Structure formats: structure tokens, C-alpha cells
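Asker: Right, I'll just put the structure down here and ask away after.
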Amino acid sequence: MAFSYELVGDANIQRSLKRQMEVLNSMWAIVYAVSLFLSCVMASLATFHMRRMGGDLFRSTVRFVITCFFVCTAVHSLAGGLFYSFLAASLTSAFERDDAIEVTDEEIQKAEATSGSDAMKTLLLPDNNNDGEEAALITKLTHGSDRLSNALSALLVAENIFFVLSAYWIFLITRELFKLAMTTLDRGEACERRVIKLYASGAMFIFAGFIISAAAIVIPEDGYNKTYKLLSILELLIIIASIFYSLVSLCVLRSKGRRNEHVHGMLMISPLYRRLKLMMIVCAVFTLPYCLLQFVLLVIREDQVDVIPDYIVGIFTTLYYLFGAAQAFVMAASQDCCLSIIWRCIPLHVRNSPEWQHLRHGRRSVAANPTVIKAPKSNPVFVNTDIESSSALWAQAPEDVIDEAQQIHDDLLREEATRFRGYEITTCGDAFQLAFHDMKDAIDYCLSVQIKLLEAKWPAGLENVVPSTKTVRSGHLKKHILFRGIRVRMGIHDSHIDDGGLVSQVHPVTGKTLYIGASEFIGREVGDVGYGGQIIVSKRVAHWLTNNQDQISIPCVLDYHGVHDVSQLDVDLDLYQVTPAVLDRRRNYFRKRRQCEDGEIAVDVDESGHDGTPGSGSATEGSASDYRAERSPIASDPSGLIRMWTKV
């Protein structure tokens, strides 16, 4: 590729031009290329991560638009990196040749006349500023009347087109996350595919429009030059609009009270709100300064470009070219990888803190468990758990006790879930949501967890911090422990066509399979009903247990519990209680506690839950008869009145 530049009579100016071009080649062009290649690599890895999640990409709109954003960002960064690499190499080669020969005006005119599509006149003019380098490379190309080679022009056009497409997908990501945060309703698979096709058609329309516009401008004008200015301004306006759309979405979510989510009695920042906020911060820091600066550089006159210090232009441009890497980091980075990298940089007192040890222990526990439980593809059985009085417990217990107790609880529930093929959908604070492949595993899991919680080595400081952590023993001569340590309420509900359709989709951030539908909602309601240490199941689960009790590995007792009103769905649920046979005395405890809260009796329940009356029956493996006698609400309530209640 042959280059020529106009010789200036003054030898000092000529030397200044060469010096500045050499600095450009060795600094800003290389910095830009490295930044773009880094963004390309990270965006490509993020795309690979999205594909490794498995599942159908076209069933989740959020996942589809995020993947498309990473693809466009990777292509945009690759085109830009190649452009700066080839440009720097070409300029260096041209100046080395020019230094070796004496160039005359006649030769310059001849080179300009015979250069064809592979030559370029003055690319950058010296600005005589002491700030150093020529960083506003693209701006000066756009302002000038000089042209690039066909290859460099194609790379620059490709970079601009995929830059616009990245802004388009950012806009759609914001829109989809905003809609998810505002409502929990799912569009359904068919509607999801229609929306995906609509978004893809919009991307193709933008791509075709900019290809045609670029070709109509670049080819007749013999290169990428100032005629492209209006299209460049339009590109900048699009990315600025997408940033402000993210800001408006955050403000709306905050004003509508969607900044926080109330899950199992705990108020936490919404993950969707946090994701939107991170995306907006990345856009604002890495792209907004560049867009505003480039917008100013494009609208001012050519002789005013050098007024803005080149180091400011260079820094803002470098940040912009790192946008893809930053967005990939906040949306798809691995916590394990980051902790391993920064381990040596963290102060010793932080590494020795209980919080850090808890975090590292939790990550190691997950990494040490090679068993991978797959999410149920159809008819999952939901199990929802929650610690009773957790908010009061965490507020009153010492910090080291909280950390140790929480770790014991989490490890126990996860270990048992692996044992019974339970898939962990999500956790929020101390609450777990799991999906099992069948009712047998779900029931065995809950029974086993209740027994293992009694056997766990709880910290001594946990005892009686709140009433729900007080050790309770039965009232018989041979005392048995009924409660010890943390008490966990558990609910089981199976998905069924009678509850309506159930949609499963992969979360674009966590990679976890999520379920959306009435069955999942009812499962959460059932999980919120009971007391700590109580297992509540819905009617279909109870019916299955009655007919298949011989399949359950742990003997248990089944009792009718009552009716629970789900006002959001306008349904009444018949609920039942499952108790491990070895903890049969809990049945009387729960019955008395409920009667006290309903105001049916004036006496309080003693520590054992025993009121001196004859036992309520022995717990045997053949407890199906208990269920048959009590599964009718009228039969279980002598007064014939069914009381609807919820646990506060």
C-alpha cells in the first residue's frame, strides 16, 4: 500500500509531522487496537458462556438479545482492532520509505495521480500543541477530504454498523429487563418466538439500511470522508438515546417501588434492577464521554479539532473501545475466577475476616461437588424452604454465630438436595427454591432435612437467641429432642396441567433454569404457610403419599392441615402436614400452637407442645389410615367449620 503526504517547505514542521506520526503509531493506534482486541475476546467468551447454558436460545427473549449484543460487540471490536492494526503498520511502513528517499513535489503529484484506491494524502496535520499525540484519528479522517484504502474503508464501515447494532441490542436488553422487573407474567413460548423474530427483523433492517447508506456515501465520494459526518452523528445519537433510556427505566422502576423485592419476608434489592443499574453505569462511564466528545468534534470546524487536548480524546476513546470488555465482565464474569486473580491483592485482615472465609468456603463447597443435577424438563415438584424468624435471628445473634449457622444450614440443604436429585432454582437470603423430578424425592428430601437439622452441630451461641432457636424436648419420661438449632419450614407442591401452563427458561445471568406459572406461584405460597420444622404439602402430593407410602424411605405421618386462600389466583388450597415418624410429638406441638394463635384455647403450649391430654396417636409407617380419616375437611373439623389461616 503506497502513501504520500504533502511536503511542507519548513523543515521544522516536516520533522514535527514525522515525530507526531511516529508517536501516534507507537502509542494511540496500538492502545486502541489492544483495547478493541480485549473487548473482542471478552465478548466472544461471554457469547460462548451464553451458549454453554444449554437450552433453546429462541425460547427466551432476554437471553437472545443478550447473546446478539455480545456477538455484535465482538464483531465491532474485531473490525476496529484490525483497522487500527493495519493503519498503524501502513503508516509506519510509509514513513520509513519516505525517510529513505528525497521526495520532490513532482514525485508527490505523480504519486497522487497514480495512487488509485490504495493511496492516501495527508492523514493527520500537526497541531503544534505540547500535549503530544494525534489521538482524534477518526475525527480528522471524517473532516478531511482524503481517502483510505478499500480494505480500511470496509473495516471502518463494519465497525460503525456493528456499533449501531450494539446500541440497538442494549436498548432491547434494557426494555426486556424493565418489563421483567415490572411484571412476573410470562409471554409464553409462542409469543417469545414472535417477539424474537420481530427484534431480529429490526436488526436486519438497521443492518441493511446502514450498508446501503454507507455504500451510497463511500463509493461515490471515493472513500470514507467528511460526507460520512451526518451518518456518524446519527450513530452517536442512537447510543446516547439508549443510555438515557436505561436511566429513565431505572427511575421508573425506583418510583414504582420495583427497586426492592420482598421474598420470604426479606426485603432485598431486585436482581433485575441491579443488572440494569450496572449496565447503565458501564454505558455512562465507557461510552457517554466518547459519544459527547465525538459529537462535538464532528460538528466543529476542522481547524478547531486540535483545540481539544489529544490526551483527553485518547483517554475517552480508549474507554469507549473497552466498553465491550466491561459489559461482558458485569454480565457474564465468573466470581471464582475474579477471586483467584485478586487473592494476593486483598489485605490480610480482609482475608482473615469471617465474611471472607464464609464466601471462600461457600465457593469451595460448590466447586468441590462434582455432581451436576439437571433441572426437570417437565412436571417439576417444587420445594420451598425458609428459616422461621430469620430476620429477628440475624438482628440479635452475634455476627460469628450468624455466619456459622447460615453456612451449616446452606451446606446441609445443598448436600441433601444433591442426594435426592434436587435442582436448586434460586436462593434469596435463607430461602431456597428447589425442583425435584418426582414426589418421592421431594418428600424424602424434606423428611431427611428435618432430621438432619436436629443432628447438626449448631454453634452454642445460637441457643434461645429467639424463641425459634430454643431446644425443645418431648414431655415423655424418655425425652426426645423435637427442635434444636434453626427451624426450617418447608412446602411441597407439584406442577400439573390443572394449574395451567408452566414455562421454563434459562436465566440470562445465572444460567439457572427458571419456572414461571401458577404451579410455581402456588409452590411458593405453600412454602410460606407452615411453622419452622413443619412440612406442608398440597392435595395431590398428599394423595400420592397415601397410595405410595411404602416407597418413602423415612416413615412419616400425614395429617390434614386446613384450607389456605390464595387471593391472587382466587383459589382455596387443601393443605396437609407430613411429619417424620421419629418426630411424631411435633404434631401435637403444631396443633396447640395453631389453636393458641387462633384464640381457640386460653392456655399456652408448653415447651414440648404437650397439654397433658392423651397422645394424638402413634406414628407408624401405615399412617395412610390417618390420612383417609382426616383428608376430608369436614371429618377433620368436628365443628364442621374450616378455618382459613396463614402463617405470619
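Note: Cβ is positioned from N, Cα and C throughout, glycine not excepted.
Any TrEMBL annotation is an automated prediction that lacks curation.
Remember, predicted model here, so these are calculated numbers, not experimental data.
As annotated in TrEMBL:
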type     : residues : note
DOMAIN   : 384-549  : domain 'Guanylate cyclase'
REGION   : 601-640  : region 'Disordered'
TRANSMEM : 27-50    : transmembrane segment
TRANSMEM : 62-87    : transmembrane segment
TRANSMEM : 151-174  : transmembrane segment
TRANSMEM : 195-219  : transmembrane segment
TRANSMEM : 231-255  : transmembrane segment
TRANSMEM : 276-300  : transmembrane segment
TRANSMEM : 312-334  : transmembrane segment
Asker: Take a look at 151-174, 195-219, 231-255, 276-300, 312-334 and tell me which one has the most Cβ pairs under 8 Å to the transmembrane segment (27-50).
Answerer: 312-334
Asker: Applying the under-8 angstroms CB criterion, which one of 62-87, 151-174, 231-255, 276-300, 312-334 scores highest with the transmembrane segment (195-219)?
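Answerer: By the under-8 Å Cβ criterion, the transmembrane segment (195-219) pairs most with 151-174.
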Asker: Of the stretches 62-87, 276-300, 312-334, which racks up the most C-beta pairs under 8 Å with the transmembrane segment (151-174)?
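Answerer: Most contacts with the transmembrane segment (151-174): 62-87.
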Asker: Do you know the mean pLDDT across the domain 'Guanylate cyclase' (384-549)?
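Answerer: It averages 88.
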Asker: Which sequence positions outside the transmembrane segment (62-87), separated from its termini by at least 6 residues, show Cβ-Cβ distances below 8 Å to it?
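Answerer: For the transmembrane segment (62-87), the list is 29-30, 32-34, 36-37, 39-40, 43-44, 46-47, 50-51, 53, 137, 151-152, 155-156, 158-159, 162-163, 165-166, 169-170, 172-173, 176-177, 180, 196, 199-200, 203, 321, 323-324, 327-328, 331-332, 505-506, 508.
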